[in-house]
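Everything below concerns the one structure shown next.
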Amino acid sequence: MLKLFLLCTLAVASRAEVGEEEDVLVLKKSNIEEALKAHPNILVEFYAPWCGHCKALAPEYAKAAGMLKAEGSQIRLGKVDATEETELAQEYGVRGYPTIKFFKGGEKESPKEYSAGRQAEDIVSWLKKRTGPAVATLDGVTGAESLIADNEVAVIGFFKDPESADAKAFEKAAEAIDDIPFATTADDAVYSKFEVSKDGVVLFKKFDEGRNTFDGEMTKENLLSFVKANQLPLVIEFTEQTAPKIFGGEIKSHILMFLPKTASDFQDKMDQFKKAAEGFRGQILFIFIDSDVDDNQRILEFFGLKKEECPAIRLITLEDEMTKYKPDSDSITAESITQFCKKFTDGKLKPHLMSQDIPEDWDKNAVTVLVGKNFEEVVFNPAKNVFVEFYAPWCGHCKQLTPIWEKLGEKYKDSGDIIVAKMDSTANEIDSVKVHSFPTLKFFPAGDEHKVIDYNGERTLEGFTKFLESGGKDGGAPAGDEEEDLDAEDLDEEGQDDSDMEDGGEDDGHDEL
């Protein structure tokens, strides 16, 4: 009997306890399997205590956990301190903070990446769509009113026949959208309450005109286009919470107005911006950025702007390559913005490439200083082999590389055919060279072919020397074979500020753009 008691005691003790903080499960490598047995559906945030984005997410994440718990939902939220649970973070490929993954059905393998916004309502809506039917059936007027009241955006299909072709197309569209709730009704009272006289689809929202009614052939594609065009405000402010919606949306052409909220003419300029937005709904996303907010300074820098230069307008496309455009005029009126956008949609705008002025001593030191205005003249000189570091002043990895790069410059400063150079890629842009992470190292060998070779070897003086002495063969790869490109969302600094990844995550030696 004593033996049995001891065995039972040991068995209970061996079960790792799963603690909670503000309704959020505290997960570790030692208890995650136990947690998944008790709660098969868990959304897990991998965070770092020092991460600003994680701190901003924390209250919304806890609020979402509380909302689900209050509803009696079986879905739970959990969190992992990736700087402590390094092995667990590596197991799930955590490369930046916060990283959020959804474990469904108790399965520990291949969790789904979370892809919606960072407000509590976004989190809850996404999870419900992931675990329940794509389309809910409304319980009368009260159910419809609750759905609309509880969500920033909700889509209701009014179908007398739930088996109709239109209802089926509605269901297919709902399955393709994670972060917006879809529901249907055949109730006459709901039709009457919302003044719907015939079958159709209405998108309800807590901004702008309040609702949009679908008009056209009821197909999955047309419904998705309708939702895409109306699910965001005409003008959306860039914040921690809205960034995933902005960068994760299907509209990849964005016009940005940089303007301090404290400006005396703030509302007038916002009204002008919003008026222009009406003509480009679904084509161009209109985004407002408060230029006084400290967290937004990196974005101003990315566009070559300073606070004192605001208000300002810029346009960017986030396709395979990010391309920026600048209006000819500083005027911010509905007319001038509309003309600028019309030129863009008509393909009549030329990209705006930033460049600093050429420094007087650009070629007087061991490391040659390049800017946009002298770049091609230097690197495509057929008599020179040019090795260039593309850096950012705030980049931690670039700062670590600086003394080694200076030594390399000293080593070859008297060479007749090798130039060691650097360019600040936050202030200078080149049409022929795209930089997605820092530092990026590229070699431009002598000759008339304008070849470009990416350096992927060790960042040591010895490694660089071997590379140059081999003519770019030892440690090089054809341009375009970079280890990892960064997405537009890196403007939101998803990884870290200018710090290296802690021991809890992999580090590819690049800081994000």
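Cβ coordinates come from backbone N, Cα and C, glycine included.
Feature annotations, courtesy of TrEMBL:
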COMPBIAS  480-513  compositional bias 'Acidic residues'
DISULFID  Cys51-Cys54  disulfide bond
DISULFID  Cys395-Cys398  disulfide bond
DOMAIN    10-132  domain 'Thioredoxin'
DOMAIN    344-473  domain 'Thioredoxin'
REGION    468-513  region 'Disordered'
SIGNAL    1-16  signal peptide
Rounded to the nearest angstrom, how far is the Cα of Cys395 (disulfide bond) from the Cα of Cys51 (disulfide bond)?
16
Could you tell me the mean pLDDT the prediction assigns to the domain 'Thioredoxin' (344-473)?
93
As a quick check of your reading of DSSP, tell me how many residues in the domain 'Thioredoxin' (344-473) are helical, how many are strand and how many are coil.
33 helix, 29 strand, 68 coil
Within 10 Å of the Cβ of Cys395 (disulfide bond), how many other Cβ atoms can be counted across all chains shown?
20
Taking 10 A as the limit, how many CB atoms besides its own sit near the CB of Cys51 (disulfide bond)?
22
